[in-house]
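Remarks on the structure that follows.
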C-alpha cells in the first residue's frame, strides 16, 4: 500500500491511501472536494508545500484520513529523509572500453570528437608570414616534421598559440602544398633549386619526396654498381676500375694510359714507307733464283744460293726481332694482364662480359694473337713460307683487316678520359636526334642526286653517270664540304646544287641544338662531381689510401663514386655557415665559376644526411 502527502489549497494536508477508505485530518470531502481548516501553528502567509512522497493520487473518490497533529512550534520538525533514487548499474571494464572515452560519452561522440580534432586549425609562422591549415592535413604524413606532434612540439609558441619556424618563406608554399595535395611536390618559381632542396630536408619529407623532386627537375638517377664481397677482390677492383679511389689506382691508370698511347703510336708509325720497306725485306728476302751479281772468286760454286729450305729458318728470329713486334707484344701483355685481373675481381662476371668497354678491350688484343698464330704457321716447314701461293695472299688480306681493329684501342682511353665519357653519354642520349638527322640526309640525298642526274643527263661532259654515282656529290654538298671532284656544269644542275646546299644547312641545323644541349648537361654534371672531390682533398677530411670508408666500399656510383663524395661538400658547407673553417676553402662558388646547379646537385645526392633539429 502506498501513502502520499498531498498539500491542500487551505494549508492542510491529507494522506491518500491506495484503499477505498480515507480519513481527512481537517475536514471531509463535500461534493468531491476536500475542505480543511488551517492547521494550527502555521501562518496565513505563503505556505510551503509539504514534501512529496513517491506515491500519487490514484482516484479522486478514494478516502482520506487525517494526519497526526504537528509538533509544537517551538520544536523544529525533522525533514523527511528523501528516498535514494536507484543508481544506474556500472558497466564492467570491458563495457567501458567499448563505450569509449567517458568524457565524450558514446562511441559516436568520440568519433565526432576525433573528427573535430582533425579539423582543428593550426597556425604556422614562417619568419613572420602566418599560414593556417588543419591538423588532419598535416597528419597525412606522420613521419615528417609537421606531421609528427612530437617533432613539431619544440617549435610551438604557447604565448601566440602557433608554431614558429625561422625558415625561407616562399619555399613553404610548396611544402604546404605537399601536405594539401597528398604528396605532390612542386617548387615555387621564385625559389632556387638548392634552397628548396634544403627545405625538403629540413621538414623531413623523406627520400622518396627528394627523388621525385630530382626527377621533376630533370636530374638523372645514376645507377649504383655493387662492389665485390671479398676484401681482396674489392681492393683489386677499386685499383683497376676507379682511378680516384687511391694513390695506387692513380699509378695503375697512368701506366695504362701510357701503354695505350704507345700502342697507338706504334700502329701509326709502322705504316711509314721507310719502316714498311724494311719490314717487307725482313719478311720477304730476295728469292734464290735472283741472287745479286756474283763476285769473281776462286771457287765458282760460291755464287750458288743455298736451297730454299734453310732460308725459312732465319725468318722466324728476324720477324720476332722486329722492334714494332716487340713493342706490340709488350703492350698486348699489359692489356691481357689488366683484362684478366679485372675479370677475376669483378663483382658480376655476366655484367662484366656485357660491358661495352670490356668488349673493346677484348677486340683490341684479339688481332695480335691471330697475327702471331699466322706468322708462326707460315714459318713452319711446308707452311708456304715462301709466299708463292694464293692462299697466303688471302691470309695476308685478312690479317690486314684484322689488324685494322687495333685502332679501336684508342677507345680504351675513355676509361680514363672524362671528355670521351661525356661524348659517349651525349651520343647515347641523342640517338633519337641523330636518327632524325640521318633520316633527313637520306631523303635529301635521294632527291637531289636524282634531280642533278636528270639535269645533267643531256650534257656529254657530265660527271654524273648514274643516280648512285651522284650519291657522293649529294652527301658532300649537303654537309657543306664540297670537294669539287664532282660538280654540275649546266644551269639546271647548278640550281639543283644550290638548293641541295641550302637544304643541307637547314637539315643539319635543326637537331644540332638538342645535341649541344645534351652535351652541356653532361659536361656540367661531370664538373659538379669534380668540385666536391677537389674541395674534399683540400680539407683533408679523409685520407686517400687503400683503407677506404666502409660506406664507400659497399656501393660506388657509376661516375667516380660521386654519390659517396657528395656528403663532404655538405659538411663543408655547414662548417662554412658555422664559421668553423676558412671561407676561402668552404665557399665552392667563390673558388671556381660554378653555377647554381652545382650546389643543388650535391644537396640532392646526399639524401642520407640527417637534419639538425
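Positions of Cβ are set from backbone N, Cα and C atoms, glycine also.
Swiss-Prot annotations:
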- 45-62: compositional bias 'Basic and acidic residues' (COMPBIAS)
- 61-82: region '2 X 11 AA tandem repeat of D-[SP]-G-V-R-P-L-P-P-L-P' (REGION)
- 84-93: compositional bias 'Basic and acidic residues' (COMPBIAS)
- 221: SUMO cross-link (CROSSLNK)
- 270-323: topological domain 'Extracellular' (TOPO_DOM)
- 378-395: topological domain 'Extracellular' (TOPO_DOM)
- 454-467: topological domain 'Extracellular' (TOPO_DOM)
- 488-494: topological domain 'Extracellular' (TOPO_DOM)
- 536: SUMO cross-link (CROSSLNK)
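Broken down by DSSP into helix, strand and coil, the topological domain 'Extracellular' (454-467) contains 3 helix, 0 strand, 11 coil. Along the region '2 X 11 AA tandem repeat of D-[SP]-G-V-R-P-L-P-P-L-P' (61-82), the predicted structure has mean pLDDT 51. Here the topological domain 'Extracellular' (454-467) has long-range neighbours at 473, 485-490, 492-493, 495-496, meaning same-chain residues at least 6 beyond its ends whose C-beta is under 8 angstroms from one of its own. For the topological domain 'Extracellular' (488-494), the list of distant contacts is 452, 455-456, 458-459, 461-464: same-chain residues at least six beyond its ends, Cβ to Cβ under 8 Å.
Secondary structure of the topological domain 'Extracellular' (488-494) per DSSP (helix as H, G, I; strand as E, B; remaining residues coil): 4 helix, 0 strand, 3 coil.
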